[in-house]
Amino acid sequence: MAKDTEVAEAGSFSAKDYQDPPPAPLIDAEELTKWSFYRALIAEFIATMLFLYITVLTVIGYKSQIDGNADPCGGVGILGIAWAFGGMIFVLVYCTAGISGGHINPAVTFGLFLARKVSLIRAVMYMVAQCAGAICGVGLVKAFQKSYYTKYNGGANVLADGYSTGTGLGAEIIGTFVLVYTVFSATDPKRSARDSHVPVLAPLPIGFAVFMVHLATIPITGTGINPARSFGAAVIYNNKKAWHDQWIFWAGPFIGAAIAAFYHQFILRAGAIKALGSFRSNPNV
């Protein structure tokens, strides 16, 4: 407590700067009566649609460029694909953060729900909007480039040959942990107060996290870490292999998001210790 006081005085911050916002209610029916709620759903839908359109188009374009090309450096390469995914997340989170929070990913929404940052109603509706947007985004790719889309597997996530199911699941868990942990750290209100003298643009580290995870896991699963991305591609491509592996791209990201939420809230932010301390200090309990 004394240490926190010293830091606050040194940086000219009040105690108010270090107070967390109140947790979101589990069920908030009042949200359904507000235009801001539906505006946020539209923002999540459009952002996820644009995300899938640009990224899946990049994947298919790369495959068409290297098809029959002996040049190993032909096309944008894995590096270019990773940049497309990370860059689009950076752009779209920047554009939508002030409207919906810029989730664009059911795993991110799930992690924030576990941390009581969003209500159950908002979390479920965000996931529906994200999945619908993903389906529409991939649908646009197929509509504009049907021959290439079918020939190059529709950008669907599948477990690569030579890798076990456990390896693929582990890659998705760890990759999503990196992403959601970055989201929590970049949007931490205490960090914003403490480091207000340093200009921090939250979408930038989030986009870089997506970029780095893609570099590591594209050879294994094609990199899901976003159930809406995997689901939208599977729905439009509708291939047996894509559906067979689909559970990996839901279970892995959700487990990774849950671990990240627990790690940030209860270990780094000592949520469990604070709750226990509050319990012990309350004489009425």
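Keep in mind that glycine also has a Cβ here, set from the backbone N, Cα and C atoms.
Summarising the annotation, TrEMBL assigns transmembrane segment to 41-62 (among others).
Sequence annotations record features per position, and here TrEMBL assigns transmembrane segment to 74-99 (among others).
Residues 24, 26-29, 31-32, 37, 40-42, 44-53, 56-57, 60, 100, 103-106, 109-110, 112-113, 149-150, 154-155, 227-229, 231-233, 235-237 of the same chain lie 6+ residues outside the transmembrane segment (120-143) yet bring a C-beta within less than 8 angstroms of a C-beta in it. The transmembrane segment feature in TrEMBL is assigned to 120-143 (among others).
A Cβ distance under 8 Å defines the sequence-distant neighbours of the transmembrane segment (163-186), meaning residues of its chain 6+ beyond its ends; these are 105, 107-108, 111-112, 115, 200, 202-203, 205-206, 208-210, 212-213, 216-217, 220-221, 223-225, 245, 248-249, 251-257, 259-261, 263-265. The feature transmembrane segment is assigned by TrEMBL to 163-186 (among others).
TrEMBL lists 198-220 (among others) with the feature transmembrane segment.
The transmembrane segment annotation in TrEMBL covers 247-268 (among others).
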Rank 41-62, 74-99, 247-268 by Cβ pairs under 8 Å to the transmembrane segment (198-220) and hand me the top one. 74-99
